[in-house]
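This report concerns only the one structure given below.
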Amino acid sequence: SASPGVTVILRDFPEGPEHDVAATARSFSSLPGVPVLVATEVAPYPPVVPLPPGVTLLPLRPEPHRAPPRPELAVGTRHVALVPDGARAVPGLLRRMRDLLEASEVATVRVVVAPVGRVRPRCWEAEVDVKAWTVSDHHAGHPAGHPGDLCGALDGAPAVLLLRTCDLFSLPFPLSRPVLTSLSLQASLRGWRLLLLPDSFPLAPRPPPTAHGQWKARNSLEKQRRALMEQFGLKLELLPDGRQRWHGCTKDTPRCFGTIHAQTPQYLLAGRWTPPCCLRALRATARHVVAELEAAGVRYWLEGGSLLGAVRLGDLIPWDYDVDLGLYQEDLPKCRWLAAVLATGRPVEDSEGFLWEKAAEGEFFRVHFSRTNRLHVDLWPFYPRAGGVMTKDSWLGHRQDVEFPESFLLPLVPVAFAGAVAKAPHDPRAFLEFKFGPGVIENPEYPNPEVRRL
């Protein structure tokens, strides 16, 4: 029942006095039959009063004294254009964008894009891996036979985005900022393409920003981007030049998941694997602990799922949430950090900020990434009993948590693990099949298949 035509939504504009909302709104509302909405959590400041005729403020933040925001009900046209701050209208260009969208022979073209100003947005391919909490950025090709470039995603410069109203509001985050990044990521998950036109809208001239103004703009954009990645559940961006942009946990923040029940982290129940920032922290902790044990002459070996990951991948299993090492109980005092914990009964922070402590759950030890971030390596002290069998004093009831012949450890051998080399039983397959059962290397499974199967 929507009427023909295009509604303009102004969404991306600065929160301070540098905004150009009034002039941008006035320019587009001067086009015949084009309603303009200013969508915002907080009304523009300094205030735009009065708003030009044909322009409506669209509050997005819920307020206790009015009905919840329903921005989709404010748009009565079949098409909508998301317009950045400072753009100026060009007669007929919105209509041409709409006609190109409807005439496109490529069914996946759902967004038509026109640059604002002289700088064109960068055309790229976004590969969003929800399970791995990661987005990869690849350079895009430019197929011939179209009135512009077909892109999987865009960024780097302002642009007007035109799409069908029903498509925009079918997205879970239709008006999240930065608009271009948000829409690009959601489009990539749905296989949509963005048609980038050679035509452009003018960008209003402005005085050069002050150093403080530039800092504020950068800070605001980075804050929006971090919030967007948090909203989308993305912890890592892989950039085309090989750089990585992280949005997840660090030594100074808690880990990305809470207490684990039935060996099944919450992220597994959500159909995801371990956040990459957590894997990074686990690798760093494992490398650090291994280096300390090696330097101290402690006999240790990879245990359980950690050994399984080393044999399968030379790394952590992608859904693992800790690292397990066995060690000879009599060697505990050789490591200065373990000796300090034994002597005082209290946690000890080492010179690199890793926290060594005795586990509350039993007679074993734990090394945390930091005091704040409790991603950890568990250290299990074993000792030989009569008959050459390795045993220990704490058992957690896991299927693989069993006694085993000491002969598996004579000798220990090096294996690749987590970007370094660690010690392992000399016949890892036999050791793993003794603990987990036949075929465990070739048949991956989550820690507790009764709760969640791979």
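Every residue, even glycine, has its Cβ placed from backbone N, Cα and C.
Look at TrEMBL and you will find 2-239 tagged as domain 'FKRP stem'. Per TrEMBL, the feature domain 'LicD/FKTN/FKRP nucleotidyltransferase' maps to 295-332.
Model confidence over the domain 'LicD/FKTN/FKRP nucleotidyltransferase' (295-332) is summarised by a mean pLDDT of 97. With helix defined as DSSP H, G or I and strand as E or B, the domain 'LicD/FKTN/FKRP nucleotidyltransferase' (295-332) counts 16 helix, 9 strand, 13 coil.
Within the chain carrying the domain 'LicD/FKTN/FKRP nucleotidyltransferase' (295-332), a Cβ under 8 angstroms from the stretch's Cβ atoms is held by residues 132, 257, 260, 265, 268, 273-274, 278-279, 282-283, 285-286, 289, 338-339, 342, 365, 375-383, 390, 392, 398, 400-401, 409, 412, 415-419, 422-425, 428-429, 431-432, 435-436, 440-441, 444, 446-447, all 6 or more beyond its ends.
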